[in-house]
Amino acid sequence: MALYDVDIRPQLDQVSPDIANPQSSRLDEDDSTLSSASSDRSVRSVESTTASKGKWKANINGDWRYGSSESATSTAMSSVSSSTAAEDKTITRPQFTSPLKKRMSDGSIKQPPLRLNSSIGSASEQPQAVPEQPQQDQQTQHIPPKKKRGRPPKDKSLLAQPAPKAPKASRISELKDEVRPRSSIPSRLPAEVHASQAIEAAYASRLNPFELHRGEHSLLADLLMSHEVTVYLNIRNAILRLWHQNPLCGVTPKEAAGCAKEARFFGLAEAAYKWLVRNGYINFGCVETPRDAGIAKSRRSGKQKTVVVVGAGVSGLTTARQLEHLFEHDAKRWTDVGERPPKVIVLEGRKRIGGRVYSKQLRDQVPGSLPDDLRNTVEMGAMIVTGFEHGNPLDTIIRGQLGLRYHLMKDALTIYDSDGRPVDEQRDMLNTELYADISDRAGDFRAAPQDTNTLKGDEELISRCRDPISDGFADFQLEPLPNPMDHLPQYKPAAKRGRRRNAPPQTEKLTGRTRVIEMSNATQSAARAAKEMGWQLREGIARNQSISLNEMARASSHPTLGSVMDDAIEQYQDLVQLTPQDMRMLNWHHANLEYANAAPVSSLSLSGHDQDTGNEFEGAHSEIIGGYTQLPRGLMNLPTKLDVRFDRVVDSIHYNEGAPGESEYTTKVVCSDGQIIEADQVVMTVPLGVLKDDVVDFDPPLPGWKYGVIQRMGFGLLNKVILLYDQSFWDDDRDMFGLLNDAEQQNSLDPEEYARRRGRFYLIWNASKISGRPALVALMAGHAAHDAETTDSNSLLAEINDRLRTVFSPEKVTAPSEVIVTRWKRDPFTRGTYSYVGPRTRSGDYDLMAKPVGNLHFAGEATCGTHPATVHGAFLSGLRVASDVMTAMTGPIDLPLPLVGAPTIKQETVARYNMPQTVPLPPQPSISTNTPATAQVNAPIIKQEHDPTSLASVPVYASAPAPPPPKLAGPPKQSVCARDDSFWARPSFDHNDLDYEASIVGTILSRLGDRPLKPSRPGVNPFLLFTKAKWDECKAHCSRDASTAGRDAIRATLGKWWKAATEEEKRPYLEQSEQAQKVADTQRKEWAEGVEKWDAEARRIRQEFVAEHPPPVVQGEGVGGSKRKSNNSSWVVLDHV
């Protein structure tokens, strides 16, 4: 949870120019055309909301309208916020005592009767997961009364439609004649390197490369055999690798099919591809979706459904953009039934996009102060990207697609005391470690996370990019390799990874988050822990003496984090000598935690305030140069412009709470100006604060479980004071510095005395590198954030100027040229900043917020328990809700059955298997041929266990020529599984058969020579040729900004160059590729003709040999016949024991 990843919307007041310093300073109001809110705007009360609603009326044209433009109010619901996606919880699956399954020869799965543990019913008998019906607290028992609908019924005459055609989905599994297996796996890339890239791509997508995601598990658990899970994961990881190699181009179905190593696994490739696309793991963001020319012609007429997205923040724009991708991807679902793909309309109450991501343009622009002529802006809301690595989806958008410039932040931090002196570094370390220990002890009361149990693949095989062998080799083992995992990155759970360089121990000062790490001091006595930190124990304190927080934690049914941590501080005062400066430093850390959660620590849940711990991304934090608003602007405009309608303040939403088709009423979204938009699905991405204040009227009212969770969850506040100067007087190489605040009573040791003031300007960011102007951003956290809403701007400016003058020289601190104060609580479109876990918030409330109500869906940072209060969380919520809407409109993902086809044997493979290995030939006096003593054949090598039995001891039996095998007209009568007895050949062969066949083969090879070898594919791709030719040039270009440009950056830049190249520039590479393809086609044609001629001659020689030298006659079957492993499609012996 961090401010930087949350939307914030400012309210500003004018400041007098005569403050302390005679220089005039301007204080900027948020009155630009980019925002529709102002500080003096009247806000109607919640009680008057219902009374002020308009009525339904029909105009002279017979159209129904709600209210009128004359009576429209300006304070109804707004649009968007940055929000976050929550993943559904996994329902524990029953444990089967007999999980064995068998795939039949036709590809279907035969499952034995299931026997479940006695304590668990059958899977089909398990109750469906339904939203919790929470018991209403006394504070939330008021639920709006269910009122009679006030909208006209559906026009039944419009429902008459011609009989729809059955949808025909394009399936990867049907591309066997068009796509070659392994075509998307580079042949020259070592398997271990390919595996490491695929595993890295899975981690970069927030997926475990070695096990199924719970969504995949629910979709495929009953369709896969155990060894096929590994095959599926290899294909899924390879598809993710294609996407992350170049996110400027979407992955096509044919490319996904090429990730399978055999054509019979195309069904698995289709399942992986569809699931990844539907859930936004590939082909998302500002990338163009390929269009079918045949479908485009049918889009001009026909019925068209509508999806309305309320809010144009990051979550709303992501939802709309992802829905456009999904509708484009599955356009045939609608065109095949005579409809056009649905349209998406985004309603925004402001005059700008972005919601709480708001980069305000400065009044005085300095040309050339930023690269690429970027504007001088300051961040009113979201500001920091919390690491690009290990799964942040914004990495794909910001760096991979939009190519935005960013500044990597440093952790170096100096904290100044209230008297302006820098705090001793050693003392700072002591208090930091003490605060971390207190956090660890309070963490003993946190709620235990819910474990998930999904199907897992073979980690060793996946690490080598290898699939399990087919059925019949149950005892197969991999041969050992030296240091096989050296090339793979080692991952540990995020909560236990090492700290970033220069960060204080156990604390992220940029995020305000404390972490429990390995070897935590919470496992020791408090006195021993303090002694090891470096504190001097009071006289008479034993080293085994500790503190107990149980009494405070159990004093209330809803304990808070602040009360327990303050109790721990007071108990530590009995063990060590804490000074007033120590108290100021400990409360500085409190303020940092209040900034991360946008709420005082006394308002945070003890058990769940850090419920998103473990989901943090890695890498240095960064800021977007030129403004964070470039992100939502890119989502709106690329690749095509979204239909965003500004100044559309939503007044009421009339939705259908039942299943599709059950309601006789149409879904309508009514704006305050009287405009009505009919919709099939509605997505709400407004901030939680808007929902808590009942600004929007829902018809019917939201059910009790949804209303209860809205009231239980917390929605916090954080504000900023932004100062613009003509020149900097601080260390411009530092990205931030901290300020300690005194207690209300001077030098007090009571933690409560610090609560009101500790968050006032406690952290100041240097924003010069991203704004292009000397600028400071002072944070107001905790209770101070609420004080900023009511304190006039003159007083705030005078206070921060006084603080800065105590730290820096008074002569250097001049009056700022421009001052901006944010007041997000006043903003009618946000009413706060971002969500937090309050004392009454329950486990799973974030997931309940994400649950739809009928055709009304919800997105935003408050719908995601894994990444709340962040911009990337808002982005993820848009991807999640787009998947929900798509499922509601089209149903679940359509999978091919069976997923895995029956194994097939190529003719070339059969021909090679029909030729035995090097076989010594005994002298044959009755045969006068030129057969050599040995016959060298290119046969497959099969490793066999050592057997001391000598072939000479095996009885010899002559055999008669076998009759030609009958033509098969169905599935084989014999099993293809080596564990079945019918797989083994009857003892009617002997080594004379091998001698006779070897004589024939030797004759053929002596006359014709070896069979022509199939030529290899050219593998000449025009883009690869372009990459090879331009690599050095591109590397020099990329090194202008970074001394050592990485390979990924060079590849991404080359992809942009190729995409931007003209046809004239591409022609040499295309011609070279075409020429290589022509040569390959000629060689392949010559090979086909040579093979056909060689096979004809071989058949003729075989016939002549058999006519001249008939096989030996059978003298009877022996009594001690041996078991010989044979494939059932021919007589060739594979194993002779």
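Cβ coordinates are placed from backbone N, Cα and C, and glycine is handled just like the others.
Pulled from TrEMBL:
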type	residues	note
DNA_BIND	1016-1088	DNA-binding region
COMPBIAS	1-10	compositional bias 'Basic and acidic residues'
COMPBIAS	33-49	compositional bias 'Low complexity'
COMPBIAS	68-85	compositional bias 'Low complexity'
COMPBIAS	116-125	compositional bias 'Polar residues'
COMPBIAS	126-143	compositional bias 'Low complexity'
COMPBIAS	171-181	compositional bias 'Basic and acidic residues'
DOMAIN	198-293	domain 'SWIRM'
DOMAIN	1016-1088	domain 'HMG box'
REGION	1-191	region 'Disordered'
REGION	955-975	region 'Disordered'
REGION	1104-1137	region 'Disordered'
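Across the range of the compositional bias 'Basic and acidic residues' (171-181), the DSSP-based residue counts are 3 helix, 0 strand, 8 coil.
With DSSP states grouped into helix (H, G, I), strand (E, B) and coil, the DNA-binding region (1016-1088) comes out at 57 helix, 0 strand, 16 coil. DSSP states for the domain 'SWIRM' (198-293), grouped as helix (H, G, I), strand (E, B) and coil, give 56 helix, 1 strand, 39 coil. Confidence for the domain 'HMG box' (1016-1088), expressed as mean pLDDT, is 81.
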